[in-house]
Amino acid sequence: MKKILVIGSTNIDFVVNVVDFPVAGETVMSQSFQKMPGGKGANQAYACGKLGGDTAFVSVIGDDGLGDLAMKNLKDAGVNIDSVKTAPGTPTGMAQISIDHSGNNCIIVVPGANSACNQEFIEEIYDRIDACDILLIQMETPLAGVLKAIQRAKQAGKTVILNPAPVPEEPLPEELFNGLTYLTPNETELGKLTGMPVDTFEEVCAAARKLLELGVEHVIVTLGEKGAAFINRETEVLYETRKVEAVDTTAAGDTFNAAIAVFLSHAKTIEQAIRFANLASGISVTRQGAQPSVPSREEVEALAAEIG
């Protein structure tokens with residue numbers, strides 16, 4: 001089994017459930033409130049561990065005690081957290097997540113200690129990058145650190161999966177894309193990255209081809225209930241997913257990305273990895289919460305056997 005390294009954010013999620021999102025100036029009552037571990041990096045590391053990947057996590061947490069809650073969950077999932085750093089006098093990252101009756105979400109992130117996951121910190125953990133086979137990274141931490149980690153991984157010949165979430169307002173440097181093994185945006189992120197329409201499969205493929213021109217090897221676009229599109233220089237394929245009743249989509253993308261990394265780490269084909277990821281993320285949206293919604297590898301394999 002290949003080794004997975006996840007570099008990214010650690011947050012504590014403050015989750016409220018509402019019937020409908022408020023409009024500007026409106027006050028609405030919440031139906032429930034929960035505090036739970038989150039952050040795209042931590043969610044993906046947790047999901048990698050729970051799905052059976054040999055996983056290590058690199059992140060920065062605060063010394064406010066909230067980071068300890070997040071780390072306990074990761075350890076319970078079998079994730080190596082030896083390279084998680086505590087930043088003195090800094091709060092752990094936080095996210096306020098509102099979920100409506102359809103399971104759609106709106107998220108506001110307070111970076112906190114995640115801001116210390118910068119290029120200087122990344123240079124301190126080069127040994128972790130050198131020791132991994134697959135790097136999975138997102139964009140909730142400083143761009144300079146993300147770029148530094150990707151450059152190091154490329155130089156070392158690693159498989160690099162970039163989940164470009166969230167997409168920053170300023171244009172991303174082209175060097176970020178050149179040599180990426182996999183880029184995994186959702187539809188909205190793909191549109192922001194390219195400035196192109198993404199309403200149809202054909203438009204999604206056209207936008208993805210623009211990213212291929214920048215040096216990305218493969219683009220995987222998550223399309224919600226429609227499944228996922230896989231585009232490279234030879235093929236354009238839509239992998240449909242089974243229909244489910246979604247209650248919370250918070251961790252769908254994180255579960256999908258983790259499943260891709262885990263299945264690739266088990267020497268499976270990308271087609272097998274995408275089908276596995278569709279099933280895993282499909283299970284996650286039927287459950288509340290981010291990390292609590294992630295299925296085990298056994299659950300996903302049982303579902304795959306059931307549907308044939």
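Quick reminder: no glycine exception, Cβ is built from N, Cα and C everywhere.
These come from TrEMBL:
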ACT_SITE  Asp254  active site, proton acceptor
BINDING   Asn11, Ile12, Asp13, Gly39, Lys40, Gly41, Ala42, Asn43, Glu140, Asp254  substrate binding site
BINDING   Asn186, Thr222, Leu223, Gly224, Glu225, Lys226, Gly227, Gly253, Asp254, Asn278  ATP binding site
BINDING   Asp248, Thr250, Ser284, Arg287, Gly289, Ser293  K(+) binding site
DOMAIN    1-296  domain 'Carbohydrate kinase PfkB'
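Comparing the Cα of Asp13 (substrate binding site) with the Cα of every entry in Leu223, Glu225, Thr250, Arg287, these being the binding-site residues, the smallest distance points to Thr250.
For the pair formed by Ser293 (K(+) binding site) and Lys40 (substrate binding site), distance between Cα atoms is given as 14 Å, rounded to the nearest Å.
Applying an 8 A CB threshold to same-chain residues 6+ apart, the list for Ser284 (K(+) binding site) reads Ala251, Ala252, Thr255, Ser293, Val294, Pro295. Long-range Cβ neighbours of Lys40 (substrate binding site) (same chain, at least 6 residues apart, Cβ-Cβ under 8 Å): Gly8, Ser9, Gln138, Glu140, Asn163, Ala165, Gly253, Asp254. Residues Asn11, Ile12, Asp13, Gly39, Lys40, Gly41, Ala42, Asn43, Glu140, Asp254 are listed as the substrate binders, and the farthest two of them sit 15 Å apart at their Cα atoms. The Cβ of Ala42 (substrate binding site) has Gly8, Ser9, Thr10, Asn11, Phe57, Ser59, Ala70, Asn73, Leu74, Gln291 as same-chain neighbours under 8 Å, each 6 or more residues away in sequence. Distance between Cα atoms for Gly289 (K(+) binding site) and Asn186 (ATP binding site): 20 Å, as a whole number. Cα to Cα, Asn186 (ATP binding site) and Arg287 (K(+) binding site) are separated by 20 Å. Within 10 Å of the Cβ of Arg287 (K(+) binding site) there are 16 other Cβ atoms, across all protein chains. The number of other CB atoms found within 10 A of the CB of Asn186 (ATP binding site), across every protein chain shown, is 20. Rounded to a whole value, the Cα-Cα separation of Arg287 (K(+) binding site) and Leu223 (ATP binding site) is 19 Å.
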